[in-house]
Structures are given as structure tokens and as C-alpha cells.
Amino acid sequence: MGIFSIANQHIRFAVKLATAIVLALFVGFHFQLETPRWAVLTAAIVAAGPAFAAGGEPYSGAIRYRGFLRIIGTFIGCIAGLVIIIAMIRAPLLMILVCCIWAGFCTWISSLVRIENSYAWGLAGYTALIIVITIQPEPLLTPQFAVERCSEIVIGIVCAIIADLLFSPRSIKQEVDRELESLLVAQYQLMQLCIKHGDGEVVDKAWGDLVRRTTGLQGMRSNLNMESSRWARANRRLKAINTLSLTLITQSCETYLIQNTRPELITDTFREFFDTPVETAQDVHKQLKRLRRVIAWTGERETPVTIYSWVAAATRYQLLKRGVISNTKINATEEEILQGEPEVKVESAERHHAMVNFWRTTLSCILGTLFWLWTGWTSGSGAMVMIAVVTSLAMRLPNPRMVAIDFIYGTLAALPLGLLYFLVIIPNTQQSMLLLCISLAVLGFFLGIEVQQRLLGSMGALASTINIIVLDNPMTFHFSQFLDSALGQIVGCVLAFTVILLVRDKSRDRTGRVLLNQFVSAAVSAMTTNVARRKENHLPALYQQLFLLMNKFPGDLPKFRLALTMIIAHQRLRDAPIPVNEDLSAFHRQMRRTADHVISARSDDKRRRYFGQLLEELEIYQEKLRIWQAPPQVTEPVHRLAGMLHKYQHALTDS
């Protein structure tokens, strides 16, 4: 598809974006707002942002949720800006520097929270900076400006939501239903591959794809939850299905690993059974019914524990899947499944990455301040705002450099486009609200097409063009002011890009090591006799960390296999019948403390020392298990875990 071609599926959102812009423009001028531009800009960003992220029309609820986050971020930023101004109005330079630190602090938080919620914190950072910079000539008008800014933003968000509702947004429910069916078939096919014990690379690709698809289904659940409250029951079921899908992956991969040392555990009965190919969810349903009969006939003791656990999880998955598709009332059997174990939240492994983002944002804002004060340029304030916007938004994403380039391309494209509107279109349409609305609707329509195609610079061009054309009340046309604003945007983006290049992010290897050590800590923490601790559900958190590892190190199969082995060890030890006595309980606590020291160690020497101590404690623990006559279900997983840690100790301790 060419850059300027229009696909049918893109037209509806383009009309939706144009409608949001026109509504915000009309309401802004109708209520005599001082700067309707902010309402129009907000409507455009709230509507276009999810479309750019999705690469097409966003699903129902995405625009509303983004608008909600923007309101929260704006209010937090306005309150922070007011507090900073009240406390430091007598020291303007210090006030701006504190604002720069506040922007960095918000970026630091946004790097640690969930990616969906990070938008609010990024917005809070640069909103405070915008307020502080804008009120420099008249600081006594700060409360009035903050109220006006909040009002204009709320109007823009409401207009974007109304436009979204007018053009019947897509529901994600049908996609969820199809993915649930397809995912079950893929889970069965993974188990077939693992029982055949064929090529390891094929198995690695299969389980890696399933981890990504399960994570994608979790994202769909979030969208469905945002869409409407009527999907509350489906949302509860999908949350449990996430854990069940991860359990199926874990049991399949453990079946494969067991055959490396004890292939006789998988009998010919099960090998022949899983030879039957499946194509649809109905085929899987028939096979599961037959498999349950086989297990009932052979007995639980004669069935490998991984296959028995896999069938139990697949049966629960199937039951909840039917409930999601029909969205019927939750019955007693489903309620028992949904009342499962509480999920555990783990500490972020990206703290060093978050600190790099803090310094990038803070230093770029301070650099912008120095540039503004040194040059005395009237649009230095505009450059500072763009610096804060680019760094706050770029830092949340996997590739900040490309986001900064997108903004540079967008601001460059906005210069001729804004020039056309400033010199020709708006002066000739300002006497007619209808013509003015049509002219901006055309801009929104065509940029809406390009935003959905993720054309480099399209999102930046949309925001930058609206920002520099005259949409104030009353309209004034000063060419020097327009040129200053346009050049200020470009200079701000270039300065932000320069700081991103200079402050290098070398946290990738450290993050990978912390993630692997967190897997080790989780496996060690599973060795416990505490009933409450054994009931905790670590699986979603562990696979979330594995997904992050896969994104940080694409194609690094040894790391993925090591992480998956730790997850399998955690699940097996969690269910192992460890003898209950005070001696073992005290030693469990000691090993957990040592594992925590491995994660928190700041130097390689300390980390190696604590890791060596952990290996010694595992040897002592195995001896204690023999003394207390622990069954093979306990001793074998512990022995495998100790062997893995010995084998990979350099990868787990060296920077």
C-alpha cells in the first residue's frame, strides 16, 4: 500500500478523528475559551494516540481509557505546578529547575508502572512544566491558567469520546472468542510436540509463540474490561484463563524436559494417543474426553504427573472458555475455579533503566532551560515544552530514539503544512465557522489515514500542526510569532534527541541478569511448608518477566530455556510434599534471604559470594531432605535446580 493510498478500513477512524477535532473547535469557540487550540489538540491526541499504537482503528474503550488517563495526568500536573509556583515564586530559576526534576521524577515512575497507566505520569510531568513556563510573564494568573487548561483538556477529551461513540467503535469480543479457540488448539499441538520429543528448536518456537499469544490475550482482556461493564463476568474468567494457559505451557515443557533423562515415564499409551492430529477446538474437546477416560482407566498413579496436571488445566480452560463466549452467569463450578490462588506482584527489574530515563528527561529539560536563558529567544519556552513532551513520552516506549525521530519528522512536516493553514486557509475561513471546521476536518481526515498506517512523523505532524496554527480567541496573525513557534518545536525535538543519544541506556544486560536472578529467587521461595505461601500464584508474574526477557533479548534461546526451567522448578517444588518440621522451615527462610541478597547485590563480587553461599545451602538442604526421608517428588526437583544453578552460575552472577 502506498503512502497516500486510502484503505476502506481506515476511512471510519479518519472520519472519527475529523469529527473529534471539529467538535472540540466548535465547542471551544462557542464557550469563548481563550485558547480553543488546547481543546482541539487534546481531542486529536486522545483519538489518534491509540490508533497509532494499534496500527488501525482502536477497539472500543481505548479512547475513553486514554482520555481518563489524560484527565488524571493533567490534574496531577496542575496541582504539582501550583505547589511549585507557590513555594518558589520568589526564585524563578530554582522554580524551573525543580520543575525539570519533577518531569524526570514522573518519567521515572512511568517507567516502573504498567505501560497502560504510564501515560498519566508522563503527562503529569510536562503539564507542570507547561504551567510554570507559561505564567512567567504574569505569575499572579497561575490559578486561572490552571483552571482554564484543565477545562480545555476536559472539553477535548469529551469531544473525542463523543466522536468515538458516534461511529460505533469496534468491539474486541469476537477477537477474544476466536483467540480462545485457536489458543486451545495451539496448546494441544504443543503437548503433541513435547511428547514426541522432537527438534528442540521447533519446541522452543512453539512455546515462545504461545507465551506471546497468552500475553496478547491478557492485553485483549484489558481492552474488553475498558469496553463495557457488561463484560465483567467474561473479564473474571479471562483472568483465570491466563493462569491456566500458562500452566498448560509449563506442563508441556516439563513433559519435554523429563524425557531428556527419563523417557520411560511417558508410556506408549499416551504417545499413541497424542499422535492423533487436531485442527479445531471441537477436535481438542473430543480428544480431552477420550483422554480423561484413558486416565480413569489407567489410574492417577500410572499417569505422568505432568500429563495429569495438563489435562486438569485444559478441562478448566475449556469450561471457562464456554463461559467467556456465552457471557452467562458464573456457576458454582466456575466460581470454585475463579476463587483460586491470589496472584503475586513482583518488583520491577527495570529500576536502572528507569533511573536512566529520569536523567534523560531531567538533563534535557535543564539543557533547554540553559538554552532559553542563554539565547533569550522568545520561543525558547516552546522548545522547552517540546523537550519535556518528547522525553516524557519517548521514555515509556521500547525505542525512545525512534520516537524522538518521529517527533523531529513531524515538526519538520508541520512547518510547511502549518504555513499553508496560517497564511492561506485560516485567514480566508475565519469569518465562517463552517469553512474553518471543514478546513480542519480535512487536515484531521488525511492525517488520520497516515496515523493508522504508522507513517513516520504522522503523529508528530498532527500535534505540531495544530499547536502552531492560530486557534486562539481572538485570532491574531503575527508571522514572526508563528515562525518562532514552529522553529521552537523543531529545536526542542532536536535537543531532546541529542540528550537521548548522549545519555546511553546500558541497562539491558543488568535487567536481563536481574530477571534471571528473580527466577532463581522464585524457585527457591517455592521450597516452603507455609500453607499461605504455597497457595500464592506466581505464574502470571513469572511469565510476565519471561515475556520482558524475550523482548529484551530476542533470539537468545539459552536465556529463555534457563528462565523456563526455573519456572518449571518453581511449579514442581510448589506442589512437592516437603516434610513439615521446624528444621526445614528455618532453612527455607535462610535460603530465601540468601536469594534476596543475590538480587540486591550491587557488585559482582558480592553477587558471586552470595550465589556461592546459596549453592552451598542447597547442598546442605539436599542432605537434610535425605535425613528427613523426603520422597523423590521433593528430592529430584531440588537436585535438578541445584544442577542448573551450578551449570549457569556465571550467567547469573557476571555483569
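Every residue, even glycine, has its Cβ placed from backbone N, Cα and C.
The annotation transmembrane segment is assigned in Swiss-Prot to 13-33, 38-58, 69-89, 93-113, 121-141, 152-172, 370-390, 407-427, 431-451, 455-475, 482-502 on the grounds of sequence analysis.
In summary, the transmembrane segment (13-33) lies against the transmembrane segment (431-451): three or more C-beta pairs, each 6 or more positions apart in sequence, are under 8 Å. With pairs at least 6 apart in sequence, the transmembrane segment (38-58) and the transmembrane segment (93-113) have fewer than 3 Cβ pairs within the 8 Å limit; the two do not touch.
The stretches the transmembrane segment (152-172) and the transmembrane segment (38-58) meet in space: the count of Cβ pairs below 8 angstroms, excluding pairs fewer than 6 apart in sequence, reaches at least three. For the transmembrane segment (482-502), the partner stretch with the most Cβ pairs below 8 Å, chosen from 69-89, 121-141, 370-390, is 370-390. Stretch with the largest number of CB pairs closer than 8 A to the transmembrane segment (431-451), among 38-58, 69-89, 370-390: 38-58. Within the same chain, the transmembrane segment (38-58) packs against the transmembrane segment (455-475): three or more Cβ pairs sit under 8 Å, each pair at least 6 residues apart.
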